[in-house]
Amino acid sequence: MGQAEKGAIVENFWPRRIWLLAAFLRILARLYCGEFLSKRAELVVPRNSYRRLADGISMHASGISPYDGDMFHYQPVILHLFAIFIDKPRLILALFVCFKQATSGVQILSINFQQSLAMMDIGIAELLRAVALIYVKKKENMNIIQMKSTADLALLSLSIDFQADELLLCLPVYLLNPVAIGSCAIFSISVLYNFLTTCFLYAFIKGWLLRSALLCSFLTHLELYPVIFLGALIVKYKRVAEKLLVAVVFLVSFAFFFAINYELTRNFDFLDSTYLFLLGVTDLTPNIGIFWYFFIEVFNHFRLFFLWVFQINILVYVFPLLLTIRDNSFLLLHLYLILISVFSSYPSMAENLIYISLIPVFTSLHKYIRWGLLISGTLVTCTVLAPIMWLMWIVIGSANANFYFAVALAYSVAQIFLLTDLLYAYLHKKVTEVRGEDKVKNCACFVLK
């Protein structure tokens, strides 16, 4: 059997086994752990709760505004969209049947909203794998152009084979991630957000200017923080006309989505429950982020000042990263995903699924990463310890808020370490390409001692 035939068999057969295993694990999680997972503060936050969405739809159907009170925090377009779909299973099937091979070979007679989220989860994994393949192929083409000798081409060929093997990891890293399994099992709306983010990544890596700007605008419309993706879009396109087109499409489409929201509600009540809710941090229910603990402790007299500090904090890093990694817009976008996961008001563990699944893409940076074991160990440890500390604090009463916040803080620090380590690896690689490996070995440049 030839190498090409063997590779084709692995590429076609191996992912299908992963799909089946992932679907089986999600069914088991729903059947046996659904109630436990639905109460996990690490997975459920006000902006991704399926229960809140269902209650809001029920209130809307009863003629009561879901934006009265502090229960519903979705945009009106999401409310009306799922109000239509939640009772029409065949329509949901028509929407999601286009996901690449998500249900290949399976005839589904009826499907509901919850099942469509599971299909969407598999669609995310397939899109992530497609993004990884396109990114690596583009890097290969650039490297081939830069190669000057046959020896370099032979070395590049070996590197390509190694990268192809590592790219297959994108699929299981997402589908078999316990956080992804748990999020899908509880029908978290984060699955929808992750799907839209992955669609944006796909349009971004394909170079579709209009679609990527439109998706960036829609993501900003839903969650606000993805506005920083504009930095990666502006860096990606070199011509001034293209940069202006990105800005115009983003602003016009955002205004269009905002107008749709107003048309659906005929008032601006949704602003308090959506954008101002994200920026004001009014819900101090504990989560895996760092905002809730600080604003519980801070005096009300200083609340507004520190609210500005915390919300502007994410913007502080946008432009330095943009100037530093302007040659690699996809890595820049990857680091922006980490920033959002750390500094958003109501983060959940589901937000780190996309960027963790794409780490195998950056194979050229792996050998320069210094704290990989420490970062991965900390993330896994925090994922295990968070429910334990919550149990000790809320249920048993043998601990206090400091225990749970310590885990949340360590989780955020691990993500920051990952961001800085990827940045260091990128800079180290650039210096190595300019100076050579031998001259860089004894150099302390860009190394934090």
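Glycine is no exception: its Cβ is also placed from the backbone N, Cα and C atoms.
TrEMBL annotations: computationally assigned, not manually curated.
For 167-196, 208-232, 244-262, 274-295, 302-325, 331-350, 371-396, 402-427, the entry in TrEMBL reads transmembrane segment.
Taking every listed stretch (208-232, 244-262, 274-295, 331-350, 371-396) in turn, the largest tally of C-beta pairs under 8 A with the transmembrane segment (167-196) is reached by 331-350.
Only residues 6 or more beyond the boundaries of the transmembrane segment (302-325), in the same chain, are considered here, and those with a CB under 8 A from a CB of the stretch are 225, 228, 231-232, 234-235, 279-281, 291, 294-295, 331-332, 335-336, 339-340, 343-345, 423, 426-427. With a threshold of 8 Å between CB atoms, the same-chain residues lying at least 6 positions outside the transmembrane segment (244-262) that come near it are 75-77, 209-210, 213-214, 216-218, 220-221, 230, 233-234, 237, 268, 270. Most Cβ pairs within less than 8 Å of the transmembrane segment (274-295), among stretches 208-232, 331-350, 371-396, 402-427, belong to 331-350.
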